[in-house]
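One structure coming up, written as structure tokens, with questions to follow.
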Amino acid sequence: MTRVRVEVQDDSQLDIPRLKALPGVSGYVKQGEQHQLIVGPGKAAQVVDAMRVQIAAGGVKPDDAMARTKSEVKAKYKAPMSDALRKLANVFIPLIPAFIASGLITGIINILKRPDIVGDVAVHYPNLLGLMGIFGSAVFAIMNILVGVNTAKVFGGSQALGGVMAGILSSPQLAQITLFGEALQPGRGGVIAVLLVVALMCWIERQFRKLLPGSLELILNPLLTTVITGAVAIVALQPLGGWISDAIAHGASWAIDRGGFLVGAVLAGTFLPLVLTGLHQGLVPIHVELVQAHGYNALFPILAMAGVGQIGAAIAVLMKTRNARLKKVIKGALPVGLLGIASRLFLASRCHWVSHLLALALAAR
């Protein structure tokens, strides 16, 4: 949402220093095969649209160019960790607008319920608050389905079957079934289980595409994939996902309750470097799982303190630096920084002086 992500055929043709110096570009990050230019919220989509127009004017369709270069680029960069994080990001990034809407609506509802702030609004307009509550919570009602569809898309499977797998794991009818002496738990494992199950589903579906003749593949592939994956999911993968989910929830609670300020210092002080490299995308399933397990995410407010420290560090740089371009970047990035969008401010204030990076991390503590 804030970065223009580009994959090129020949890296030697890129002039990185000139790209960094372009007006509106506040930072550059290379992640695997991707070159990422940080331009800020709202501008990234505009830049991508402009690039597509220029590519099309050269007689090449953007989608054709992308398809032609992707296999070549992937052959050059074989970074399993980077690839895994990229896939996780591709699953959850499309859900960010829904998270934003849900969070803001929930915040508005909480304000409207405060008689000391808005009076008796909740008493006089209960239907309005109830309707807004539906708007704010809808994304979590279908969270597993959305994750299943996106996971299938990322792993090259049928998106409809990905949604079906997530629906199987969340079905209330599971509670009526006993397996190995225990009643099954609908939704156990949350998004972790969905990721595991749909990834397996995509692999099984691809194998059947190779094995089944074309005349039968359309009918038998969905049938066999659903039955086999569903069975493995209920017997093994959902319990495994539940164990991982419980471990994450208990681990986070233990660290926050027992770790004190040291845990806060480590988490908040390292979060922005994770944002810079894109590794923070690996935390998204953890955030979602904590919300599903507890109804809230106690981890994220600690990480958000990094943003507060970053704002202070950026203001200090703004007051002390004589670099006109740096001043301009910080002034443009401060408003969105106050809303929690970290990349531009961090890149503007973090690496010009090491002391500022250290001060930022300590302030976050």
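Glycine too: its Cβ is placed from the backbone N, Cα and C atoms.
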TrEMBL tags one of 14-34, 56-76, 161-181 as transmembrane segment - which one?
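In TrEMBL, the transmembrane segment feature sits at 161-181.
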State the non-local partners of the transmembrane segment (129-149) in its own chain: residues 6+ outside its ends, Cβ under 8 Å from one of its Cβ atoms.
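That would be 91-92, 95, 98-99, 101-103, 105-106, 108-109, 112-113, 121-122, 159-160, 162-167, 169-170, 187, 190-191, 194-195, 197-198, 288, 291-292.
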